[in-house]
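Engineer: Have a look at the structure that comes next, please.
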Amino acid sequence: MSQALPVRDQGRDQGIFAGTLPPAPPKFKWTRLDTYTWAIIAVFALVTRFTGLSSATASGTPVFDEKHYVPQAWDMVRSWINPITGGIESNPGYGLVVHPPLAKQLEALGEWVFGYTPLGWRIMVAIFGTLTIFAIMAIARRLSGSTMVTFIAGILALADGVLLVSSRFGMLDIFLVFFITAAAWALIRDHQQMHQRLNDLLLTNGQITKDFGPRFGFRWWRFTTGVFLGLALSVKWSGLYYIAFFGLTSVFLDLWLRKRYGVRRYVTGTLKNDVIPALGSLVIIPALLYIWSWRAWFASETSVYRHAKTDGTITEDSILQLFPESIAGWIHYHISVLEFHGSLTTSSGHSHPWDSKPWAWLVSGRPILYFSSTDISCDVGGTCRRMIYLFGTPAIWWLTVPVILWALWSFFARRSRGYVVPLVAFAAGFLPWLAAYDRQMYFFYATALVPFTIIMLALACGELWGRGKMTPTGLTRGSMAVVTYISLVVMMFLAFSPLFYGFVIPDYVYESLMWFPSWR
């Protein structure tokens with residue numbers, strides 16, 4: 001009889017606050033089945049992300065904010081300084097560039113190779129969309145130790161409409177999502193490595209003798225976490241939220257390990273040995289990488305606000321007059337961007353037909369129309385249309401709240417640590433937007449939520465697998481529920497795929513897919 005799969009080394013942990021000794025960290029041995037699993041997902045990822053990439057819209061017409069980012073990336077190609085520095089956004093005709101440059105620098109690589117073409121401005125998002133699936137699977141494998149859970153996470157990531165559409169258009173969000181997901185993976189690797197070091201020390205000495213516990217030494221995985229967080233920040237300022245949430249989580253996990261392994265003064269030990277190195281890796285490193293992403297702006301004499309001090313843009317009584325020319329201009333640029341974001345509120349008259357608020361994101365309640373072509377002649381009679389929506393597969397998004405509640409219950413009631421990082425990452429992408437509720441927002445802000453919803457769903461499926469009585473199919477009721485759910489996700493993905501890919505469909509098919517008025 002098959003058994004339920006635990007969240008490996010993260011399951012029922014009755015001693016989490018009792019100081020009992022934890023089990024040894026899990027070992028992750030790569031098997032032939034892992035190779036087959038990842039290869040299958042890789043093939044489908046490439047097919048779903050790259051098929052028709054250059055013709056996703058009529059003649060490759062830019063959609064939504066592609067109209068901003070595509071020419072900005074092309075500016076970088078045209079103003080290329082050298083291979084290391086790259087180029088700048090010259091700001092012709094579209095006002096202030098309000099996002100950091102990294103994502104557009106990456107898109108510029110595609111345009112440099114393939115020219116100012118749809119393939120050129122979409123190839124890099126497709127690559128990073130594929131890598132995001134692998135990052136999701138890597139986290140699921142690390143938390144579960146299960147090839148099956150990894151495979152489930154891969155299927156769910158393949159079948160989500162938000163991840164798919166975000167991987168096929170030259171927007172910024174898929175770059176942010178990849179770097180955040182990769183940072184979460186590195187954070188988990190760091191925690192598991194520290195667990196292993198303490199376990200080895202315990203086996204060697206029989207106890208952790210120091211009052212404050214040991215120093216962990218240089219932590220390359222924590223450093224890697226900081227690198228990915230810095231890259232996320234260099235795509236969008238919302239990366240700041242993840243720096244704060246992941247930084248606190250890293251310190252909390254260190255404190256927990258010290259307490260769990262019997263360190264007497266574990267709080268002081270954490271403050272003494274862990275906090276300063278964590279600040280270095282998770283705050284200083286991201287800040288340095290963020291500044292590095294602006295290297296072309298500093299290198300060019302024609303960058304926007306590059307000479308704001310001497311041309312009078314910065315007033316004589318400003319404190320920025322105390323700074324060197326380039327630093328003053330750079331700070332003034334950031335102040336201007338901050339003022340823009342602060343003024344982009346619903347109450348100040350900035351409304352948009354596809355505006356949405358965070359509570360609606362939890363159920364994909366207000367998607368975004370990216371492309372529309374109607375009144376197309378149909379062979380079946382009547383008229384047809386092509387529509388592309390940024391839209392979440394309902395069978396995934398409608399379980400967002402239930403799986404979060406399950407994860408919270410698993411952590412607080414069953415002491416299951418496997419859900420900690422996914423929960424923290426989801427909170428970092430959701431809670432800060434509640435504080436800015438009046439701001440103009442769009443559903444693509446929620447793109448960073450779905451990887452962690454998928455991971456929690458995959459972990460929950462792993463725990464359900466093997467539970468219950470055996471059925472005539474040879475599977476338990478729990479296993480049948482998992483198979484049924486995965487089948488439902490795939491069927492929904494196929495049913496809504498015309499809205500993801502922009503297939504020509506009769507009007508009545510389109511109407512049958514518009515289940516709610518808010519989807520229109």
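Cβ coordinates are placed from backbone N, Cα and C, and glycine is handled just like the others.
For reference, Swiss-Prot lists these features for the protein:
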type	residues	note
TRANSMEM	38-58	transmembrane segment
TRANSMEM	119-139	transmembrane segment
TRANSMEM	145-165	transmembrane segment
TRANSMEM	168-188	transmembrane segment
TRANSMEM	237-257	transmembrane segment
TRANSMEM	274-294	transmembrane segment
TRANSMEM	388-408	transmembrane segment
TRANSMEM	418-438	transmembrane segment
TRANSMEM	441-461	transmembrane segment
TRANSMEM	485-505	transmembrane segment
Engineer: Of the listed stretches (145-165, 168-188, 237-257, 274-294, 485-505), which one yields the highest count of Cβ-Cβ distances below 8 Å with the transmembrane segment (418-438)?
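Structural biologist: When the Cβ pairs under 8 Å are tallied, 237-257 comes out ahead.
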Engineer: Below 8 Å between Cβ atoms, which of the listed ranges 145-165, 274-294, 388-408 makes the most pairs with the transmembrane segment (237-257)?
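Structural biologist: Between the candidates 145-165, 274-294, 388-408, the best contact partner of the transmembrane segment (237-257) is 274-294.
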Engineer: Determine which recorded stretch among 38-58, 274-294, 388-408, 441-461 has the most C-beta pairs below 8 angstroms with the transmembrane segment (168-188).
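Structural biologist: Highest pair count goes to 441-461.
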